[in-house]
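Student: Residues or ranges marked as disulfide bond by Swiss-Prot on the basis of similarity to another entry: CYS38-CYS65, CYS45-CYS59, CYS49-CYS66. Taken from Swiss-Prot, the feature signal peptide applies to 1-27.
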Amino acid sequence: MLPDHFSPLSGDIKLSVLALVVLVVLAQTAPDGWIRRCYYGTGRCRKSCKEIERKKEKCGEKHICCVPKEKDKLSHIHDQKETSELYI
């Protein structure tokens with residue numbers, strides 16, 4: 001005689017597979033997909049930087065770390081130093 005219900009383990013496996021599928025779909029539909037982060041989480045590894053980004057360091061052999069200009073801390077320090085010299 002066959003059981004009328006599934007074992008609890010099969011329900012857990014189905015839920016795990018569903019969660020995995022949802023995560024993969026969300027990652028693929030994200031604007032940057034699976035792009036690796038760099039420069040303390042502020043940059044992204046790319047083959048070439050966008051116009052609004054600056055090159056910072058290498059990401060492996062073929063990629064470079066691209067940091068948005070507004071998140072580049074060194075550029076903000078440099079800008080502040082120039083403006084503070086004007087007031088002296």
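Just so you know, glycine gets a Cβ as well, placed from its N, Cα and C.
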Student: Want to know which disulfide-bonded residues, from CYS38, CYS59, CYS65, are within 10 Å of CYS49 (disulfide bond) at Cα; which are they?
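Tutor: Correct set: CYS65.
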Student: Work out the three-state DSSP category of CYS49 (disulfide bond).
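Tutor: The three-state answer is coil.
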Student: Measuring Cα to Cα, how many Å separate CYS59 (disulfide bond) from CYS38 (disulfide bond)?
Tutor: 8
Student: Minimum Cβ neighbour count within 10 Å among the disulfide-bonded residues CYS38, CYS49, CYS66: which residue?
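Tutor: Lowest Cβ count within 10 Å among the disulfide-bonded residues (CYS38, CYS49, CYS66) is CYS49.
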Student: Using Cβ-Cβ distances, find the residues under 8 Å from CYS45 (disulfide bond) that belong to the same chain and are at least 6 apart in sequence, listing them in sequence order.
Tutor: ILE35, ARG36, ARG37, CYS38, CYS59, GLY60, HIS63, ILE64, CYS65, CYS66
